Ligand code: DX5
Ligand code: ZN
């Protein structure tokens, strides 16, 4: 069973809770929160204050994707704000292993994300410490970009690597996912599908969620 994680990056920020409620009622399991600092990626989005303001207003899993430099400085802040999972980029901190331990010490689930060009072998020695790996299927920074086809093979390889090690680590895929390609991505091994524009930039958000799930489950 695939899980859906709508990215609020494409939601209506002047009506954020309304959009959040629609995706929750449509059955989405995760709320994907894209945090950008204008350094690691060329865009600035939201901080812990926004996460905190949504806390207690929805039962969805708060899935915080940190696209920031020096993520170690903000783990506690996002954890206190209500994050259930914190994902940091492999490319961002100097001491990835230490940051993962920091996340877990907060009692929060830990994820690591890979940019499209970063090989999965970079996770070999931390995979067993992770709850989730987030494979970026676009270059992080903006919603509405095109899925990079080579990422399907990367999902397959990661699935194999997890199975070979006998681990239970979720694979989340993020970027350019739509009803046309979601089946290919789920078949390759994705457990959690992130979608921003394919959910929120549509006329009927609830219908878009149902359609994505139907196509994804095939
Ligand atoms: C991109 C973000 C994504 C983005 C996905 O840097 O990490 O979560 O919002 O948006 P779509 O689904 O429109 O590619
Ligand atoms: Zn994201």
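Cβ coordinates are placed from backbone N, Cα and C, and glycine is handled just like the others.
Record check: TrEMBL places 32, 34, 174 at the divalent metal cation site, and the matching candidate among 65, 89 is 65.
For the substrate site, TrEMBL records 65, 141, 142, 143, 144, 174, 175, 176, 196, 197, and the single candidate of 7, 14 listed with them is 7. For the binding-site residues 141, 143, 176, the ranking by surrounding Cβ atoms (within 10 Å, all protein chains) places 176 first.
Excluding the listed site residues 32, 34, 65, 174, the same chain places 5, 7, 9, 33, 63, 87, 134, 194, 196 with Cβ atoms within 8 Å of the centre of the divalent metal cation site Cβ atoms. Between the CA atoms of residue 174 (active site, proton donor) and residue 197 (substrate binding site) there is a gap of 11 Å. Cβ neighbours within 10 Å of residue 197 (substrate binding site), excluding its own Cβ and spanning all shown chains: 18. Its own atom aside, the Cβ of residue 174 (active site, proton donor) has 26 Cβ atoms within 10 angstroms in the protein chains shown. One residue stands out among the recorded positions 32, 34 for having the most other Cβ atoms within 10 Å of its Cβ: 32.
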